[in-house]
Ligand code: CP
Ligand code: NVA
């Protein structure tokens, strides 16, 4: 059974297929419904809030000909203590695929290991792979040009990731940059350097630990093709908001910091954004800010991810 729990669960060939299919789905949108998931029901179990991921998966499953079933964790018995394993076994008897947003990445792995249906990571504290594939597609559709090789267009490009360099988005860029052959420089407070879990995963997969970490925001953005940031206090870290804001203030993407990247650099953010905190309003309004393309592309890219998983399951 093939799952998509982390970026590297797909080979480079499958990653190329995701990007190409995303472009096709984007071009064909509104012309016809695909039948990739015809007759299938895919459920979404969410333990955290979501706008983009929830809506894009709901619409995407529908547009692939399937039936989306949203399950808030607190509405099902999982929220009252039924085990993850039994939940996976029971749902596997009814449905064809599962999209899961939760806290502990190990819970997602247990769910995937216990059922007999494909599972997609819709964000954990450790990784957010659907977002990374979408962001890669968003850059590649610009860089490759019409009909160009999307995956190849990413090779050697540099991402500068600023702010909280120890959580899901930073970890996911570390894995994504390795898969897509991109360079990555992370700029954040010393206490938030990428942790042992992501380093251990790279080692376990035989990947070089070649990302660069610095406490100097300007060093991180030098020569960057993409300047990326995320909220400083993620879901579940609300109590740490003030302390994190003090520590991460130096990594806010101001106009001045954005201007220190390449002259044609893109600004990206997974959203939701907090103007005046991790990013200045002027950067959000900048012509090279592509945040709403990223949001739209969640739909096309996740349809492509589901199509590749459905193909692997046949
Ligand atoms: N970027 C992202 O995953 O957004 P949501 O939390 O709204 O799903
Ligand atoms: N790091 C953020 C990402 C939200 C899409 C969080 O986990 O809350």
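Each residue, glycine too, has its Cβ placed from N, Cα and C.
Here TrEMBL has 230, 234, 235 binding L-ornithine, and the candidate from 168, 171, 242, 297 in that same listed site is 168. Site extent for carbamoyl phosphate: the farthest pair of Cα atoms among 50, 51, 52, 53, 77, 101, 128, 129, 130, 131, 270, 271, 298 sits 31 Å apart. Note on residue 234 (L-ornithine binding site): other Cβ atoms within 10 Å of its Cβ, all shown chains, come to 18. A distance of 16 Å separates the Cα atom of residue 298 (carbamoyl phosphate binding site) from that of residue 230 (L-ornithine binding site). Across the structure, residue 52 (carbamoyl phosphate binding site) and residue 235 (L-ornithine binding site) place their CA atoms 15 angstrom apart.
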